[in-house]
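Inspection log for the structure reproduced underneath, given as structure tokens.
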């Protein structure tokens, strides 16, 4: 995975500078790399052996295969240690983007899988509010009718889908941010940095959702459709047999409607919140803060961004849940049926979920950067050339 990803991202830059707002790229190389990455992820995600392996993971662990788990853990620790000993990775290189993508895989895959029970209840509140009237009642009803094990329904497509989405979300964000900054120039990249964050995150999420959509459709079907197979290897083939490939992608447009505004808010709000925290709240400059203190700032900024993300994207999230529950439904029909109030059902659990989720994602992502010695540029400062121009005007 690492070799494949690094080779793809290496096409995106032949040279790089330490300045995060100055990096030359070629559009053709970027487009071809994006296509190659999407193709690689399709092969990985839909390779049947992988789906069998993921769904059987719990049973495999139940048979006491701890020695194999230990080997995997040791291998991962060795990789991190070797990366740390190798020194800091150069900013803007293929290796840098590959590690950023890896950090995205961990941050999104781990966090989304960890909150599957809350996500399941949230989805059921959205699609059946008469039965699941709130968080507490949702948990009680689910456990009473299906047992405690039902709370982890959909964990396998969640793990695969959101790991792939994290790869695209964080990896491509770093790429697009530098591509667009180079197009704008150093001064404009600083002046219009909020627009830069919005454009880069929207571009990254467009491709990330293409990777996510099939697993998201499968997850929601498992969690909310009566009689649906309870496993990935059972539900995904069923969707394909009955609805074809379009069954996995009919929720893609509303998924874009949900995820692109969410991600734009997630990245732009996070970047601006970090900047504001260091400027107005943290009592000392970022350079004087320890890595632990910097990670605390990351977590706080991530939670603040997550609350706004949940509010902005919730109506579209309700539509996505309804679409994937009912194979005959349309987005327009759902909106007409639910009305304005109906699309806001489940907002409170989603704020709790997304706030915590976003904070943990940024914390994990930044921790990976620290562990792998990746460059972590400070909040942007006004370029010297722009300072000189402003001084001359005065």
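Glycine residues also receive a Cβ, built from the backbone N, Cα and C atoms like all the rest.
Caution: TrEMBL annotation is automatic and unverified by curators.
Features as listed in TrEMBL:
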| type | residues | note |
| --- | --- | --- |
| REPEAT | 95-179 | repeat 'Solcar' |
| REPEAT | 192-276 | repeat 'Solcar' |
| REPEAT | 293-371 | repeat 'Solcar' |
| TRANSMEM | 27-48 | transmembrane segment |
| TRANSMEM | 96-118 | transmembrane segment |
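Note on the repeat 'Solcar' (192-276): mean pLDDT across this stretch is 90. Secondary structure by DSSP for the repeat 'Solcar' (95-179): 74 helix, 0 strand, 11 coil. Helix, strand and coil counts from DSSP across the repeat 'Solcar' (192-276) read 73 helix, 0 strand, 12 coil.
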